[in-house]
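Asker: Quick paste from TrEMBL:
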type: DOMAIN; residues: 1-128; note: domain 'TLC'
type: TRANSMEM; residues: 27-48; note: transmembrane segment
type: TRANSMEM; residues: 60-81; note: transmembrane segment
Amino acid sequence: MASSTGYITASSCEDIIKDQYWLTSTYILFAMPYFVYEIYAMVMSYWYKQRVKDHKADSGFLIVLQHVVMVTVCFLISVFWRQGKGDYFQGVMLRAELSTPSVCLGKILNHYKQQHTPLDKHKAIMAY
């Protein structure tokens, strides 16, 4: 959804600095509660993993930090500081989410020790 929003926004802007597109701010306001929920889910997952005996849980500190920065810094910049300018760049940044399925597939293949399968080669092609 984010990459579709990014594509629509970026392709709708002729002036990369001054053009505004309604979907940009709307999507940002739509996505922020999801990031807050993900932070909560990651913290709860970590907490439950710590309760299981003999289970060393990876805190996923960098992923949590990325979500906290998205909610606190990027949200404030996107909604207030930029003052409606640069919707094109917002769209280009949202298009980066297109690689997320490939990254997730890579994590799953690594977990199940399937890095050298045809599916892994397909994942590499999808990333480009």
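Glycine is no exception: its Cβ is also placed from the backbone N, Cα and C atoms.
From a predicted model like this one, the values you see are computed outputs, not experimental measurements.
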Asker: Taking helix as H, G and I and strand as E and B in DSSP, count the residues of the domain 'TLC' (1-128) in helix, strand and coil.
Answerer: 97 helix, 0 strand, 31 coil
Asker: What mean pLDDT does the predicted model reach across the domain 'TLC' (1-128)?
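Answerer: Mean pLDDT for the domain 'TLC' (1-128): 82.
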